[in-house]
Amino acid sequence: MLTITAINAFNDNYIWVLRQDSQQAVYVVDPGDANVVLDYLHAQRLSLAGILITHHHRDHTGGIAALTDHVKQTTGHDLAVYGPQSEDIQGINQPIEPTLSDSLTLPFIDAPVRILSVPGHTAGHIAYLVDDALFCGDTLFSAGCGRLFEGTPSQMWQSLSLLAALPDETRVYCAHEYTLSNLKFAQTVDTDNEALNAYVEEASTLRAQGKATIPSTIGLERAINPFLRPLSPTIVNSIKNQFCDQDLTKADELTCFTLLRQWKDIF
């Protein structure tokens with residue numbers, strides 16, 4: 001059984017820890033802060049087997065150097081650091097090119113790890129799928145999606161469509177606790193979505209109790225995330241009201257997604 005644990009970092013980052021059964025060697029996803037990872041490993045008496053990186057932003061990669069140095073000093077071994085080959089990330093020694101390989105095998109992890117190319121937030125962003133656990137970095141959030149810093153709306157829409165096609169039960173381990181903020185926007189554009197309104201109550205209760213709203217699931221996101229359902233009649237009507245100068249008579253999914261993302265950027 002694969003156990004997944006969150007380490008809180010900075011204001012709202014999650015660093016995910018992957019542990020197979022009772023193995024003492026674990027993997028971490030997007031360790032932006034080495035100190036919180038080392039504290040966790042020490043407290044749990046665990047060792048670090050490797051690092052999985054989704055994209056190059058500093059709050060996801062800032063801990064690589066200190067963690068690799070720690071492992072080298074304490075074990076004499078080089079720590080395996082996986083990440084997208086196309087992004088300039090210092091410390092990656094196991095570069096991944098999704099067009100050449102769509103999976104990898106990790107020591108101490110039973111299931112193969114599927115690699116998904118999900119450009120949009122950054123040009124070379126990748127995601128990792130381990131059994132039914134999706135580690136998607138800053139591509140898909142609960143009730144939202146990442147900003148387009150480097151990619152195009154078309155790339156992000158294709159990436160989100162790829163993730164939305166995964167089974168309903170797929171658990172979504174994104175890298176930030178942005179849920180309540182995203183839900184405010186979702187309720188603004190999708191005013192009569194009963195599933196969304198119910199989830200707002202659930203998520204608000206969780207956060208009031210100091211609990212995470214992550215992981216979400218693909219099934220839930222398809223029901224409540226406006227960026228996965230831009231042609232919903234209510235959402236299209238909201239877009240028309242916001243962008244009065246746009247002719248949306250024959251609008252397709254990409255057009256509506258693009259306008260939604262522009263709206264969210266200034267929300």
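In case you wondered, yes, glycine gets a Cβ from its N, Cα and C as well.
Listed features, source Swiss-Prot:
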- His55, His57, His121, Asp138: Zn(2+) 1 binding site (BINDING)
- Asp59, His60, Asp138, His176: Zn(2+) 2 binding site (BINDING)
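Recorded residues His60 (Zn(2+) 2 binding site) and His121 (Zn(2+) 1 binding site) have their alpha carbons 13 Å apart, per Cα-Cα distance. Each of Asn13, Asp30, Gly32, His55, His57, Gly137, Ala175 belongs to the same chain as Asp59, His60, Asp138, His176, is absent from that list, and has a C-beta within 8 angstroms of the C-beta centroid marking the Zn(2+) 2 site.
Calculated from their C-alpha atoms, the gap between Asp59 (Zn(2+) 2 binding site) and Asp138 (Zn(2+) 1 binding site) amounts to 11 Å. The distance from the Cα of His57 (Zn(2+) 1 binding site) to the Cα of His176 (Zn(2+) 2 binding site) comes to 13 Å. Comparing local CB density within 10 A for the binding-site residues His57, His60, His176, the maximum falls on His60. Fewest Cβ neighbours within 10 Å among the binding-site residues His55, His121: this applies to His121. For His176 (Zn(2+) 2 binding site), the nearest neighbour among the listed binding-site residues (His55, His121, Asp138), judged by C-alpha distance, is Asp138. Same-chain neighbours of the Zn(2+) 1 site beyond His55, His57, His121, Asp138, judged by a C-beta within 8 angstroms of the site's C-beta center, are, in sequence order, Thr54, His56, His60, Thr122, His125, Gly137, Thr139, Gly146, Phe149, Ala175. Ranking the binding-site residues Asp59, Asp138 by C-beta neighbours within 10 Å puts Asp138 at the top.
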